[in-house]
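According to TrEMBL, the protein carries these features:
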- His2: Ni(2+) binding site (BINDING)
- Cys70, Cys73, Cys86, Cys89: Zn(2+) binding site (BINDING)
Amino acid sequence: MHELGITQNIIELALEHSRGMKVKRVVLEIGKLTAIMPESIAFCFDTCCQGTNIEGAMLEILEISGLGQCQDCGNELELEYPYGICDRCGSRNIIILQGQELNLKSLETESLCV
(Lines of atoms letter the chains of each structure in order from A and count residues from 1; the text may use other names and numbers.)
(Lines give C-alpha, C1' and ligand atoms only; values in the text may rest on other atoms or scores of the structure.)
Protein backbone atom coordinates (compact mmCIF):
# COMPACT_ATOMS: atom_id res chain seq x y z
CA MET A 1 0.00 0.00 0.00
CA HIS A 2 1.98 3.01 -1.26
CA GLU A 3 -0.79 5.29 0.00
CA LEU A 4 0.66 5.10 3.54
CA GLY A 5 3.92 6.69 2.39
CA ILE A 6 2.03 9.25 0.31
CA THR A 7 -0.16 10.13 3.31
CA GLN A 8 2.92 10.54 5.52
CA ASN A 9 4.41 12.94 2.94
CA ILE A 10 1.15 14.90 2.77
CA ILE A 11 1.12 15.23 6.58
CA GLU A 12 4.76 16.43 6.58
CA LEU A 13 3.92 19.05 3.97
CA ALA A 14 0.81 20.14 5.88
CA LEU A 15 2.84 20.43 9.10
CA GLU A 16 5.36 22.70 7.34
CA HIS A 17 2.64 24.96 5.97
CA SER A 18 0.58 25.11 9.18
CA ARG A 19 3.47 26.78 11.06
CA GLY A 20 2.50 25.12 14.33
CA MET A 21 -1.15 26.22 14.24
CA LYS A 22 -3.91 23.69 14.95
CA VAL A 23 -5.28 22.39 11.64
CA LYS A 24 -9.06 21.92 11.37
CA ARG A 25 -9.34 20.82 7.74
CA VAL A 26 -7.07 19.49 4.99
CA VAL A 27 -8.18 19.58 1.35
CA LEU A 28 -6.44 17.36 -1.22
CA GLU A 29 -6.83 17.09 -4.98
CA ILE A 30 -6.19 13.60 -6.35
CA GLY A 31 -6.35 12.90 -10.08
CA LYS A 32 -8.20 9.77 -11.17
CA LEU A 33 -5.25 8.77 -13.37
CA THR A 34 -2.70 8.69 -10.50
CA ALA A 35 -3.27 5.08 -9.32
CA ILE A 36 -3.73 6.55 -5.83
CA MET A 37 -6.82 5.29 -4.02
CA PRO A 38 -8.52 8.19 -2.19
CA GLU A 39 -10.20 5.79 0.25
CA SER A 40 -6.78 4.41 1.24
CA ILE A 41 -5.46 7.94 1.84
CA ALA A 42 -8.52 8.63 4.01
CA PHE A 43 -7.95 5.36 5.90
CA CYS A 44 -4.30 6.24 6.65
CA PHE A 45 -4.93 9.91 7.45
CA ASP A 46 -6.05 9.66 11.10
CA THR A 47 -3.23 7.28 12.01
CA CYS A 48 -0.59 9.46 10.37
CA CYS A 49 -1.90 12.58 12.14
CA GLN A 50 -1.70 11.18 15.67
CA GLY A 51 0.38 13.33 17.99
CA THR A 52 0.56 16.28 15.57
CA ASN A 53 -1.27 19.60 15.30
CA ILE A 54 -3.29 17.97 12.48
CA GLU A 55 -4.78 15.28 14.73
CA GLY A 56 -8.59 15.50 14.62
CA ALA A 57 -8.65 17.51 11.39
CA MET A 58 -11.25 16.77 8.73
CA LEU A 59 -9.90 15.44 5.43
CA GLU A 60 -11.63 16.46 2.20
CA ILE A 61 -10.56 14.78 -1.03
CA LEU A 62 -11.49 16.29 -4.39
CA GLU A 63 -11.14 13.82 -7.26
CA ILE A 64 -9.98 15.35 -10.55
CA SER A 65 -11.33 13.55 -13.62
CA GLY A 66 -9.03 12.38 -16.40
CA LEU A 67 -8.95 14.52 -19.51
CA GLY A 68 -6.87 14.01 -22.65
CA GLN A 69 -6.42 15.60 -26.04
CA CYS A 70 -5.82 13.89 -29.36
CA GLN A 71 -2.65 15.22 -30.98
CA ASP A 72 -3.91 14.28 -34.44
CA CYS A 73 -7.32 15.99 -34.54
CA GLY A 74 -7.40 18.15 -31.36
CA ASN A 75 -10.42 16.39 -29.85
CA GLU A 76 -10.63 16.45 -26.03
CA LEU A 77 -11.84 13.27 -24.37
CA GLU A 78 -12.53 11.97 -20.90
CA LEU A 79 -10.02 9.35 -19.75
CA GLU A 80 -10.59 6.53 -17.27
CA TYR A 81 -6.98 5.31 -17.66
CA PRO A 82 -3.71 7.12 -18.47
CA TYR A 83 -4.13 6.14 -22.13
CA GLY A 84 -6.99 6.20 -24.61
CA ILE A 85 -8.29 6.15 -28.15
CA CYS A 86 -9.76 9.25 -29.75
CA ASP A 87 -13.49 8.80 -30.21
CA ARG A 88 -13.40 11.14 -33.22
CA CYS A 89 -10.49 9.84 -35.36
CA GLY A 90 -9.39 6.59 -33.65
CA SER A 91 -5.85 7.80 -32.93
CA ARG A 92 -3.91 6.60 -29.88
CA ASN A 93 -1.79 9.77 -29.95
CA ILE A 94 -3.33 11.19 -26.76
CA ILE A 95 -1.73 13.54 -24.25
CA ILE A 96 -3.05 13.91 -20.71
CA LEU A 97 -4.37 17.36 -19.81
CA GLN A 98 -5.60 16.59 -16.29
CA GLY A 99 -6.06 13.73 -13.89
CA GLN A 100 -2.48 13.22 -12.70
CA GLU A 101 -2.67 15.76 -9.87
CA LEU A 102 -1.78 15.19 -6.25
CA ASN A 103 -2.08 18.58 -4.56
CA LEU A 104 -2.42 19.85 -1.04
CA LYS A 105 -5.06 22.38 -2.08
CA SER A 106 -5.69 24.08 1.26
CA LEU A 107 -5.40 23.95 5.04
CA GLU A 108 -7.90 25.48 7.42
CA THR A 109 -6.37 26.42 10.76
CA GLU A 110 -7.79 27.75 14.01
CA SER A 111 -7.44 31.51 14.17
CA LEU A 112 -5.14 33.06 16.73
CA CYS A 113 -6.54 35.70 19.05
CA VAL A 114 -3.89 38.25 19.93
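Placement of Cβ uses the backbone N, Cα and C atoms for every residue, glycine included.
Given the structure is predicted, the values throughout are model-derived calculations rather than measurements.
Features per TrEMBL, on structure.
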residue: His2; record: Ni(2+) binding site; Cβ within 10 Å: 10
residue: Cys70; record: Zn(2+) binding site; Cβ within 10 Å: 21
residue: Cys73; record: Zn(2+) binding site; Cβ within 10 Å: 12
residue: Cys86; record: Zn(2+) binding site; Cβ within 10 Å: 20
residue: Cys89; record: Zn(2+) binding site; Cβ within 10 Å: 12
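Each residue contributes its Cα atom, and for Cys70 (Zn(2+) binding site) and the residue listed as 'Ni(2+) binding site' those atoms are 31 Å apart. For the pair Cys86 (Zn(2+) binding site) and His2 (Ni(2+) binding site), the C-alpha distance works out to 31 angstrom.
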